[in-house]
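The block underneath contains the structure these notes are about, expressed in structure tokens.
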Amino acid sequence: HSAPSLPTPAPPLPDRGGRPSMSAFNVSHGNPSSFTLLGIPGLEAAYRWLSIPLSSIYVVTLLGNCTILATIRSEQSLHKPMYLFLCMLAGIDLVLSTSTLPKMLCIFWFRAGEIEFNACLIQMFFIHSFSIMESTVLLAMAFDRYVAICKPLRYDSILTNPVLAKIGVAVVFRGTVFIAPVAFLAAALPYCRTNVIPHTYCEHMAVVKLACADIIVNVVYVLVVALLVVGMDLLFITLSYCMIARAVLALPSKDARSKAFSTCAAHVGVILVSYTPALFSILTHRFGHHVAPHVHILLANFYLLFPPMLNPIVYGVKTKEIRDRVIHMALNRKGFL
């Protein structure tokens, strides 16, 4: 009797062109050597058209945030806490958009969806950690407005340079410490089902759903982080503005109230731009069970792509000091040197 033959291993998944994918599984570790990002399943025919507004968004994001950084750096009078926080926000927005858009455009233009396993985890870490950093900076900016309006005489003694440095360190530390376990937990999972991610980037849940193991720890940890970090940030921002509103409404003159509220307009606009798409995406993902998958993916991209583009526009329009300086620099190009 002949020995029973061993089962033939399943071939690697084909790529978009029908060829075997280079993303074959690493059998010894139970993980793929790479993942394949599909982009937005169901909208493949519209990729070229979608790439036009996305490219425009990226260009506007780069120009807007680099202009904010160059403007504040070149103008000594803008070296104040509020504008330094704005610099932090601009830097974070540049990282967030660059972590997602270039790869997305490669998928849309060249069907180049392959991403190495470790590179996928790094992208996941950058996207989620810098999202937390952005939320932390928005909280710091709310605190800045609270001190400026409710404790104006103590503003310079409270927000000193050492305090600003500590806030900057706290922003980075908070984003790194809370999200590092997310990447490590995802890396520890065995992925033996498929290496195809139906998304434009390595979003945490889109990746861990491919694991052939229990992901309850991953899901619970991310939920706890979201509630503790983003939930608490929103709570403290709301409390700050409640106290600001009470202080402003107590001012005797209408002009004083109007001026005080105008100093908060840009920050309130940025808060709405940053949190509204994210909350809408979360609610749609949680309750929109009948919503098409490509709609979920589009919403997940909107809350990462639109705030970095709109934040410098909001501050440029609403903040007179920045607006005047940008106009001056545009009229006199030597200001950029």
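Cβ atoms are placed via backbone N, Cα and C, with glycine included.
These numbers come from a predicted model, not from an experiment.
As recorded in TrEMBL:
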- 64-315: domain 'G-protein coupled receptors family 1 profile' (DOMAIN)
- 46-70: transmembrane segment (TRANSMEM)
- 82-101: transmembrane segment (TRANSMEM)
- 121-143: transmembrane segment (TRANSMEM)
- 163-189: transmembrane segment (TRANSMEM)
- 215-239: transmembrane segment (TRANSMEM)
- 260-283: transmembrane segment (TRANSMEM)
- 295-317: transmembrane segment (TRANSMEM)
Best-contacting stretch, by C-beta pairs under 8 Å, relative to the transmembrane segment (215-239) and drawn from 82-101, 121-143, 295-317:
121-143
If you count every Cβ pair below 8 Å, which range out of 46-70, 121-143, 295-317 shares the most with the transmembrane segment (82-101)?
121-143
Could you tell me the mean pLDDT the prediction assigns to the domain 'G-protein coupled receptors family 1 profile' (64-315)?
92
